[in-house]
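Pulled from TrEMBL:
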SIGNAL    1-19  signal peptide
DOMAIN    77-381  domain 'Peptidase A1'
ACT_SITE  Asp95  active site
ACT_SITE  Asp278  active site
DISULFID  Cys312-Cys345  disulfide bond
Amino acid sequence: MRLTATITAFLAIATFATAAPVKGKQQHHVPLVPNPHFKRNATASVLRAQAKYGPYVTHAFSGGVVPMTDYQNDIMYYGEVEIGTPPQKFYLDFDTGSSDLWVASTLCQNCGSGQTLFDPSSSSSFQESSQTWQISYGDGSTANGVLGTDTVVLGGLAIQGQTIDVAEQESSQFQSGPISGLLGLAFDTITSVQGIKTPVDNLISQGLISEPIFGVFLGKDSEGGGGEYVFGGYDSNHIGGQLTTVPVDNSQGWYSINIDGTSASGQQVTGSFSGILDTGTSLLLLENSLAEQVASAYGATDNGDGTYTISCDTSQFPPLVFDIAGAQFEVSSDSLVYSGSGSSCIAGFGYGGLPFSILGDTFLKNNYVIFNQGVPEVQIAPARY
């Protein structure tokens, strides 16, 4: 959850269980491909998170594949979305920690010259609304504009009348980035304007998917990068073990689950806590006390800004392990490093000063997750590359 709308609670920088597979009848893949550009900024990732949360499929369907980018070797995963008639193509950050679809536009007074901008006047299906929207972020970045509706094509699925946040202004933090906005995949209770149907809502209500689920595989750069979203199902090729079903608490609009315990470097370090599954946050952001214990176990030092410095050579480190619903899910030793080179690196875990943890990409690129808005619940299994 890299971005979020202005709501009661912010997040910026995304129990009991049984093993039971989910079968999707209509399933569409959104593959991801790696891109080695952009500088990593762990501190900015922490700041954004602090503000933000204050059948089986074995191949891609023809026409259902949307190339996506593994940004800066696992830092962010974004994909191509088409908006309008005729379709205009944009790269958006896919985010299970927020619910708005917003895009930079030709109405924007200060959007970046390198950004791809949505032109409402060039779309015969665009309908403008009189309502406005605004988004704020913990690092001081902002965006705002007007609402509208248009056709949105996601992985070959054409959503009719999808509400879009059309940006008229954005702060400098967005002007040089590769994305034109964000695609929110969380629950509709945290949209910037109440009453809006999210893309997932419309995929379900318009009968574009036969099951209210989507499977997420985030690849590792060390394993070839890539990844995919499967709307209406999941890809068994990327599931490396038994699926464990975990109830979701969506009372705050997020995919919040209970973690029963954690072990770091082979040591049990904490009791139970709640965590939000968030594809839009790069780091694994832990509650402060838990982060301190994990850092101590791996010999990491606190940088005072929500990040830790850790040895770049983590090959001898045991994995970080989370106990969830009677099963264990790992963050591999190589994922304990977020960025850097030489002897000192920035850790893939940090803290956000929040009363819960955020299971961001550090966790999610190690584990396959099926998100189910109908129950609600998630199913988790070790990822297969």
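Cβ atoms here come from the backbone N, Cα and C positions, even for glycine.
Any TrEMBL annotation is an automated prediction that lacks curation.
Here the features listed in TrEMBL are placed on the structure.
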residue	record	DSSP class
Asp95	active site	strand
Asp278	active site	coil
Cys312	disulfide bond	coil
Cys345	disulfide bond	strand
Mean of the pLDDT scores, which run from 0 to 100, over the domain 'Peptidase A1' (77-381): 94
Cα separation, Asp278 (active site) to Cys345 (disulfide bond) (Å, whole number): 23
Among Asp95, Asp278, which are active-site residues, the residue with the most C-beta atoms within 10 angstroms of its C-beta: Asp278
Number of Cβ atoms other than its own within 10 Å, given for Cys312 (disulfide bond): 16
Whole-number Å value for how far Asp278 (active site) lies from Cys312 (disulfide bond) (Cα to Cα): 25
Cβ packing number for Cys345 (disulfide bond), 10 Å threshold: 21
